[in-house]
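Take a look at the structure set out below.
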Amino acid sequence: MTSEDGRFVVIFNGEIYNYPQLRAELETDGVRFRTTSDTEALLHLYARHGADMVHRLRGMFAFAIWDQARRGLFLARDPYGIKPLYTANDGWTFRFASQVKALVAGGHISRDPEPAGIVGFHLFGSVPEPFTLYRDIRALPAGHIQWVDTAGPREPKPFSNLADVLAKGSANPGPTAEIHERVRAGVLDSVRAHLLADVEVGIFLSAGVDSGALLGCMRDAGQREIRAITLAFEEFRGTSEDEAPLAACVCEHYGAHHIVRRLSEQEFVEDLPAILEAMDQPSIDGVNAWFVSKAAKEAGLKVVISGLGGDELLGGYPSFLDLPRWHRRFGLLAAVPGIGFLARKLIAAVAPTFSRVTPKALGVLEYSGSWAGTYLLRRGLFLPHELPGVMDAEIACEGLRRLKPLRRLAANLTPDPISENARVCVLESAQYMRNQLLRDADWAGMAHSLEIRVPLVDFTLLRALAPVIPAFTPGAGKAALANAPTVPLPDEIVTRAKTGFNVPTGDWMNAAIGRGSDAVGRAPEAKGLISRRWSRAVLNGMAPANAQEQLHAS
Amino acid sequence: MKPPPTMLAIVTDAFGGRGGIAQYNRDFLETLAETGGVSSITVLPRQAPDLFVLPERVEQTPARPGWIGYSVAALRTALLRPVDLVFCGHLYMAPLAALIKRLKGAKLIVQTHGIEAWPRPSRSQRAALEAADLVLCVSRHTRSAVLSWAAIAPELVLVVPDTVREAFTPGDGSTQRSALALEGKRVLLTVGRMDPRERYKGHDRVILAISNLVAKGHDICYLVVGEGADRIRLEALARDAGVSERVRFLGRVGLQTLVEIYRTADLFVMPSTGEGFGVAFLEAMASGTPVLGLGVAGARDALADGELGITASEAEFPATIACLLDEPKPDPHALAAAARARFGRETFAIGVRAALDRLMEAT
C-alpha cells in the first residue's frame, strides 16, 4: 500500500490489534483514512512518528516501509517474534521475505550453509535466530527494527525487551492477592483485542487449561458462535489419554460448537512429505500444529485463537521447577573451573553405558553454573560437547564459535529479571517459544491459509502480569487462568491437566524413520533419544543440497 | 560540532606504490581527504618505489619494508599523535592495526581485496578482523568469503567497489595503432601482472584460443601489458601454440600509452578466476573498449553481472571471442559513460562517504 502523497510504501504481514484505537487517535489528529485496513495505519504512524511508531503497536507484525524521500527502507518485527522476517544482503542488493524459502526461491542468494544455524538446530531442535541454515539469510530478531539505505542495512536495533519488562515487574511486585484479578483482567483484555476480525474466529481446543480458559474468555468478550477444533488420536480413542471427551466437556460448559479431528498414523505418514515441504526451517516439532491447522482449514476457518504461550507466561513447564532446583543444587559446585569437563571425562571412562543412555547427566556439572547453561542442559537436544560426534566436527566447532550458545542465551537475561520465575519465563519465551513454537505455528498455519492468533503472547498482557509473575507458586498461574472466565473452567479439567497428556506422534516419528521394528522387545526409549534421531531425519529431508555431505560426514 | 576524525593508514603501499591495492588505497584515501570526511591522514607504507604527489590533508611517512621496523615505527607514530580512525589496507597487517585500535581507543576499518581474504586466515588475523568496526570489501565475492570465516555482524561488512581513474576515456588511439603496426588487425588485450604464483589471470586461455580464431579468418594480434616472472612461460606457450608472432608482450607502460592501447583494442579479455575485483575491466570500458571475462569471483562485480561487460563460461570462452569479433566494435562513448556512471569517482566518493558516515554515527 502506498501513502496518498506517494512518499511511503508499506508491505505488511500480521495483525494490529489496537487498530481501532490507533485509527481514532489519528483521526482526532486530522488524519483521513482511505481504507479500513490496519495496513494504512502503519503508513500514517510512520509518517508522524518515524521509527518510534513501533511502540504504539499491539499485535503480531513484520513489515517494511520504503521512504521515497529518504531513499531508505524501515523494517520492524513484533516484540515476541510471532511473525517472521528474514533478510539477505550480498553487499549490493538487500532482499527480505517472510520465509527463508521465498528468499532461496528468488535465486541470486548463496546457499552456503551457516554452521551456527546447523549447530543451533542440533542444540535446540529448531534454528535459533538470527541464524538460518544459510549463511546469507538472517532473521531480523524479534523486537528489533532495521534501517537500510545506500550503504546497506544497519545493524538491527532492539526496541523492546522481555527481560526489561519482567525486571521492572520484579522491582515493583504486586501483592499475591492480586494474581487472580490481574490474570483475569489481563487475559480478558488480550482475548478481546485478539478477536478483532472481519471473519469468524475459531479456537484450537485441547483438554488443557490454556485453551479452555481462552474459550471461556471468548464467551466473556461477547462472541456467541464459537467453533472449537480438537485434535485427537485414533489409537487413544476410549482411553484416559484421549483429550476429546474432556474438550467436549469444556465446549459444553461454554456452549461452543465442537469439532473433533481424529488423526491416524496412516494419515501422519501420508502427510509427512508435505510437512517437511511446508517447514520453512527444520524443526523437530510442528506435527501437531500441522494437523490441527489442517482441521481448521477443513472446517472453513481462516482465523483461530491458540493457547500457545500459556506455559511460558504462567509457569506451566516443569522447567520452572527444574531450572532453579538444578541451579541451586549443582550451580555452586559447577562454578569450580574445569570440574564439569573432568567429571564428564571420568564418567564416560568408567561408565560408558550410563553416558550413552543418559547423555545429559554428563553435562550437569559443566552447565548448571549459570542460568543460561542450566537452560541449555534442561532443554538441549544435544549438548555442545556431543556435537562433534553427531555432525562434521569442523562445522560443529565453527558453528559453536559463531553461535556462542551460552552467551546468546545469557544475553536474553539482560537486565536480570531478578526472580527465578521471571528468568525461566524469559529463557523459555526467547528461545523455545520464539524459535520453535511460534515458527511451527507460522509455517503450519500459513500452509493451510490459517491465521493463528496467540492472546497469551502479548506484550500488554506481559506488562500487566510482570509484577505478579515472581509470586507464582507452582500451579498458581494456571489456577488463576482457569478462574479468568466469569464461569471458571471445570475442576476436572484443572486437575486432569496437571498430569499432562501423551501424544503418539513420538512413536510415529520413530516408526517413520525406520526404528520402529528394532525397538521391539526393548525397554521404551527416552523421549529425548527419539527426538535426537528425528532431528537428523528432518535435517536430512530439508538441508541445503550442498550442505548435506558436510552435515553427515561423521 | 566535533571536528572530523584523524586517520592513521596502515598500508602495504599507497602513494608511490604499484598495482591494484596501492591504487585502491590512493583512491580511498584521496576521496576521504577531498570530501572532508577526515581532518588528516597519516599514511604508513611499507613500499613506495615511485615518485608521488600527496593530496591535501595527507602525509606519508618514509617506506619501511622490514616488518619489525615497520611495526615499531607504526606504534611510535600512533602513540605520538591523536588517532580516531585506523585504516588497515591489508588483512595481514590487521593484527597490528587492531593493536593500535586498542591502544588508542580508535575505530578500525579493515580493507579486504581479493585472494588474501578468501581462505580462512590465521587466528590472529581473524580476531583482528572481528574486532573491526567496519570491514570494506571490493566485491560481493570477497565479502561473502570474509563472512564465511569471520564471526562478525554482516551489517559491518560493506562492499565499496574499485573506481576508475579520470585518465581513462574513449578517444584517439591511432598513435599506438601505427606504432605497434596494428592496421587491419583485430586486437585483443589483457592488462595485468604475470605472477607465476598467481596464474589466475587467464593469459593461457587467450593464447590457446588464437590459432582457432585465425583459422576462422580473424587477423588476430594479442597485446599483453604488464610485467612479471610468468612472462617467460607464456612466451614459450605462444611459441608451442605456433602463435608467437601474434602475441606481443609490451611490459609495463606509462599511463598515456596505456590509455591509448585500451582505445586501440577491439576487445579486452581477461578470463581470470581469481580477481578480487578486476579494475582493468573498468579501465578498458572507461576507454570505450568492450570487455569479456569469466564472470566468476570479483570479476562478476566489475562486469556488473553482464550489464556492462560480457561474461562467458570457461568452455564458451573461445567461441564468445569469435562471436564478438564478428560484430563491429560498439559505440565507445556509450559504454564509457555507463561504466563511469557506475564506477566513476563520484559514485565511489558517495560509497566511501556513506561507509564513513555509518562508522561515525555509530558512536
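In case you wondered, yes, glycine gets a Cβ from its N, Cα and C as well.
According to TrEMBL, the feature L-glutamine binding site maps to A:D38. All chains included, 21 other C-beta atoms sit within 10 angstroms of the C-beta of A:D38 (L-glutamine binding site).
Feature annotation from TrEMBL assigns ATP binding site to A:S306, A:G307. Secondary structure at A:S306 (ATP binding site), taken from DSSP and collapsed to helix, strand or coil, is coil. Listed in sequence order, A:I203, A:F204, A:S211, A:A441, A:I452, A:R453, A:V454 are the same-chain residues six or more apart from A:S306 (ATP binding site) with CB atoms under 8 A from its CB.
If you look up TrEMBL, you'll see A:1-151 marked as domain 'Glutamine amidotransferase type-2'. When pLDDT values are averaged over the domain 'Glutamine amidotransferase type-2' (A:1-151), the model yields 96.
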Checklist outcome for this item: In chain order, residues whose C-beta lies under 8 angstroms from the C-beta of A:G307 (ATP binding site), counting only those at least six residues away in the same chain, are A:F204, A:S206, A:G208, A:D210, A:S211, A:A213, A:L214, A:V454, A:L456
